[in-house]
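Student: Below you will find the structure I want to go over with you.
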Amino acid sequence: MLFPWPYDKVVLHAGVYEEQVEVSLKVPVEIVGLGKLGDVSLLVSFDQQCPTARLCNLVFMPAWFSPVVYKTSSGHVQLDNCNFEGCQLHIRGPGTCQARFCSFAQGSSAHFLGVAISLMDSCEFSGGDSASVTVEGAPVSERNWAFKHLVALVKTFTMMTSNGSTEISNQGGKDSVGAGSHVNTPLEGDGTVIEEDGMETSSESSDEDDEQDGEKGTGLKLSYDQHGLAHLSKADTPDSSAFPALLSLSAELQRDAEARDLAALVQGCLLRRCLLRDGKGGVHLCNHGQARLEANVFRGLNYAVRCIQNAKMVMLRNEVCGCKASGVFLRLSAQGLIAENNIHSNGEAGLDIRKGANPIILCNRIHSGLRSGIVVLGNGRGSIRSNQIYGNKEAGVYILFNGNPVVSGNHIFQGLAAGIAVNENGRGLITENVIRQNQWGGADIRRGGDPVLRNNFICYGYSDGVVVGERGRGLIEGNHIYGNRGCGVWVMSSSLPQLIGNHITHNRIYGLAVFCRKDTESARDRGGPENFNEEGELMAWESDIDSEDERFSSRRPITVALVENNCISHNRAVGVYVKSSEPLNVVANMVNSNRGDGVSVIQSAQLTRLVGNCVLCNGWTGVAVDRECRVELRGNGVYGNNCHGVCFRGDGLIVENDVVGNNAVGIRVMDNADVKVLRNRVQVLRGYGISVKERVRGVVQENLVYQSHSASTKNPIRTNKQNLECVVLNNSLLTPRSQALWTLDNPPPRPHNSNPSSVTPSTLPAHLAITMTNRITASVESGCHNNGSIFCSIL
């Protein structure tokens, strides 16, 4: 073919045109097929060497010598209403392309190498055995004549779409899947309370009838309302109005300059309103390539988008569904903005982030996947904010193998497994999310997982709120964990979490449970699966584990699990249940109004320290310690519980506690306990202040017992006179003279060393960078029968 005159218009009549050699276009030309699309077919390979060309209403098929039917490396080509069948389109920068209403079928594809800008608008790609669109290489700095015109055209598109979208709550999501009707799911009926190796609490009252006779009525009561944790007793259960609202894309862009710059990015290849279906891959970006994908549909592919090797993309308002593998795949330091997409019903993860990829993921709906919603692993990072993640068969967000994303302000709900799972040395900052109505734990941390879980609402789950399984770690701080059908927090004793400043309330079983059995046994006993069914994913991902071991040195080692400054209240069984083979520090917590015991220690092979807690108004005993348990009680306030204040059968210390206003014995020591009861202040409404029974060994010394009735003649300390191994001496009895003098002072009611500001981390602005805090708990290890322990928190 020869076109001697510039800007000729060549009209081709119906037929098939074939050339045996490559055709060079050296002057601007327009080639138009006459008739219906399909009437004119070209078996030609064009090499455009002129500034501009336009081709319209043509069918391209490969020539016998090359699959490439059109290429340009400097000029601009416009393709309108063309079909490509089994062939390739190649554009190399500074060349540009604008294709509209074109079809790429039977494995046809478009390749862009180093393009500064090109536009594919309303095109269809289908049936390929490789990526339909490949974008490779950083945009070249050289520009052709069409560059500024295409940039202006693309900016009009982006302005039109940005003005009319942004509210994810109006995209049909709206926490759309039953959010309005089931947010405040009531806990109907009484849950089954697990009484494992129990302490025969059902008979505790009856076998102490002789300890509770005597004076009728309550007598004068000591006031304890001014204790140091009074601010925690006022916590109510939040309702859905307290949930942080999902931010719109415009609001997210206003507060994030990096995301705002990405949203304005118009370099590289722009795909707009295209359909990519029924092939191996959709869009493949690599080697610093750049692309903008907007309002496209990816359907029935192996994968929709693959972004690797420092490539950068902007992906806005696309639908990604029915992929056999992950929908969107980022690795090898890829970056980009993924916003307001509908990603659903994919065979693997909706988004898969690994190998240093660091995207910004905003305001998407990621749902109904056959596995996880988002997976971050192998040093993958990313900022995952204001998304709706729901209805996935595995974890909504799954972090493992040193993945370390920021997961903030998302609503993660109605998943068929955990809401967020952190496993296999995964990390991450997980903050201000609403995690609700998931089948397994709202947050599940195991096998070296070490996240920061802060200021989240974890509620209405069908299992436990937070699970810290075998070798789990992490800082769990300032969360509202309530209304779950299992435990509020379930911890395996081989794990080392820090639970600080959480509100753990209104859960159907325990508030906090610490177990020593292996995950397989305990999961079976709790009626749940052993793990996340992740074995298939683990096999597929193990090749992406990095060899460096820096993940183990990133945070200061913690040697003892810490439970501090939490409010654990209104749970339907025991507030704090301990059956542990490892040491545990329980410090400055409010444990109140639980239906069972406040604190129940069933097994404690190593020392459990209860220091500076307030155990208040629980349905049974305040603190119950079983046989052969090693426990230290120091500086606690045990007030107004419905049975005994402290019932102690183990070994340890009961030192400087206030045990006041309980409905049975104040401090009850029995069986073969080996204990020192020192410098406590005790008052009960009826019965004995201190009861030492059976074969107890130890010392009861320098305790102050307040007598409720001024006319009482009964000794408030009951001992077994035949037991010579328990020394009782220098205890004092205080009888009331007037109500004005009947107070706890010098010191005031315990506990009194709590810092209220330390339990309100939610007052920190969420958008500020958060410095990781290492808490070091130092203790003086000096055995059970000496001066006890000292706790020092260093921030």
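Using N, Cα and C of the backbone, Cβ positions are placed for all residues, glycine too.
In TrEMBL, annotation is done automatically, which means it is predicted and not curated.
Annotation source TrEMBL lists region 'Disordered' at 166-220, 744-763. Annotated compositional bias 'Acidic residues' per TrEMBL: 193-213, in sequence order. Among the features that TrEMBL reports, domain 'Periplasmic copper-binding protein NosD beta helix' is placed at 269-392. Taken from TrEMBL, the feature domain 'Right handed beta helix' applies to 396-516, 561-650.
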Student: By DSSP, how many residues in the domain 'Periplasmic copper-binding protein NosD beta helix' (269-392) are helix, how many strand, and how many coil?
Tutor: 0 helix, 67 strand, 57 coil
Student: Summarise the domain 'Right handed beta helix' (396-516) as counts of helix, strand and coil residues per DSSP.
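Tutor: Tallying H, G and I as helix, E and B as strand, the rest coil: 0 helix, 54 strand, 67 coil.
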Student: Run through the domain 'Right handed beta helix' (561-650) and tell me, per DSSP, how many residues are helix, strand and coil.
Tutor: 0 helix, 46 strand, 44 coil
Student: Looking only at the domain 'Periplasmic copper-binding protein NosD beta helix' (269-392), what is the mean pLDDT?
Tutor: 97
